[in-house]
Amino acid sequence: MERRRIGILGATGTVGQRFIQLLENHPWFEIAWLAASDRSAGKTYGEAVKWKLDTPLPARVASMVMQPNTPAQSGVDLPRIIFAALDTDVALELEPLFAEAGCAVISNSSAFRMTADVPLVVPEVNAAHLPLLEGQKTRANGGGYIVTNPNCSAIGLVLALKPLADRFGIESLFVSTMQAISGAGYPGVASLDILGNVVPFIKNEEEKMQEEVFKLLGHMNDGAIEMLDAKLTAHCNRVAVIDGHTECVSIKLRKPAPREEILQAWAEFRPLQDEHLLSAPDQPVYYNDAPDRPQPRLDLMAGNGMSTTVGRLRPCSLLDWKFTLLTHNTIRGAAGAAVLNAEVLARMQKLPNSPVSEAKA
Ligand SMILES: NC(=O)C1=CN([C@@H]2O[C@H](COP(=O)(O)OP(=O)(O)OC[C@H]3O[C@@H](n4cnc5c(N)ncnc54)[C@H](OP(=O)(O)O)[C@@H]3O)[C@@H](O)[C@H]2O)C=CC1
Ligand SMILES: N[C@@H](CC(=O)OP(=O)(O)O)C(=O)O
């Protein structure tokens with residue numbers, strides 16, 4: 001695979017830092033451009049960032065100069081692949097500018113997830129939706145486009161649901177989340193609000209989970225997404241955990257589903273196994289049969305943070321079955337998901353040329 005220059009927009013934030021950690025030694029991508037707010041432009045990355053990860057900030061990246069955050073102002077040769085980790089209101093304004101400038105914008109934000117011609121993708125679940133981006137390329141003329149990954153709670157949920165949807169069909173679903181504080185970005189939730197506490201509200205989260213799951217599990221029909229026809233209700237809560245979103249799920253299926261067949265559906269769910277993608281975990285849904293798992297402290301890094309761990313499958317007296325799942329919100333739920341989307345686009349030869357040899361500085 002030819003190595004490509006990439007940029008990171010929102011590089012100083014919680015998700016931006018994960019991008020740096022995941023991409024610094026990535027054999028297909030080279031970090032060549034960084035930008036965030038006007039507060040950061042002109043500083044070195046090391047000066048602009050409050051590095052919060054438990055691996056060292058790479059020295060090469062620390063010395064890079066943060067660029068202005070619009071394509072027209074960029075001082076160095078703009079890469080044509082941009083990983084974006086911006087707040088939604090900022091993404092609404094900036095992401096289209098980069099797409100119109102001919103960039104593939106691989107976005108984390110919710111700004112365009114539900115836009116009809118923007119793919120909302122988890123590759124194991126709905127890589128078949130990626131051709132939607134062709135409609136955007138026609139409009140923008142420059143060959144740029146936006147591809148999005150879902151809300152971090154929706155990602156873990158659809159990984160566990162997809163094998164069940166395919167084998168048994170989903171009729172209705174109840175999900176209650178316990179979401180880590182890193183999901184709120186930095187500095188996020190005040191320590192006085194969250195320590196020793198649970199906050200039963202995350203703005204817009206329940207709405208996003210409810211609508212995104214239907215698009216993710218929908219089917220392409222005549223060039224558009226036909227949403228999943230099911231009922232879903234979500235309760236979203238913030239808990240005093242640093243990383244890792246836990247979700248308790250009760251589900252009603254359309255066909256009888258014996259326990260062994262559900263476990264088999266998860267175990268056999270390896271849709272990307274022949275694609276040789278660097279960030280794809282061998283086992284996207286890992287079932288842990290211990291009675292008290294999954295737990296954020298113990299199961300967070302399954303599949304290098306890219307697997308969803310499921311446990312506690314048991315009958316539900318209201319619906320059919322219930323289980324618990326855990327997903328790393330800033331890796332599988334954010335930066336890792338976007339990197340995997342880019343790897344799939346690279347394999348499909350849908351990424352613009354962004355050759356390393358053209359780098360100016
Ligand atoms: N945290 C998580 O688990 C997940 C987050 N997401 C989504 O990813 C996006 C980023 O989240 P997160 O990293 O947590 O947020 P943070 O608040 O930690 O980081 C925000 C980033 O955006 C930059 N920024 C702020 N204002 C502007 C601006 N006007 N122009 C350009 N850049 C700006 C900041 O730069 P500066 O340092 O200069 O202020 C910073 O780099 C959000 O849309 C979020 O909803 C998605 C999935 C999971
Ligand atoms: N809102 C999520 C993080 C996230 O995924 O947000 P968004 O859907 O805006 O990208 C959380 O607080 O944990």
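Each Cβ is built from the backbone N, Cα and C atoms, and glycine gets one as well.
Taken verbatim from TrEMBL:
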{"type": "DOMAIN", "residues": "5-133", "note": "domain 'Semialdehyde dehydrogenase NAD-binding'"}
{"type": "ACT_SITE", "residues": "CYS152", "note": "active site, acyl-thioester intermediate"}
{"type": "ACT_SITE", "residues": "HIS245", "note": "active site, proton acceptor"}
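Taken together, the residues in the domain 'Semialdehyde dehydrogenase NAD-binding' (5-133) have a mean pLDDT of 96 on the 0 to 100 scale. Helix, strand and coil counts from DSSP across the domain 'Semialdehyde dehydrogenase NAD-binding' (5-133) read 42 helix, 24 strand, 63 coil. Taking CA atoms as the reference points, the residue listed as 'active site, proton acceptor' and the residue listed as 'active site, acyl-thioester intermediate' are 8 Å apart.
All protein chains included, CYS152 (active site, acyl-thioester intermediate) registers 29 other Cβ atoms within 10 Å of its own Cβ.
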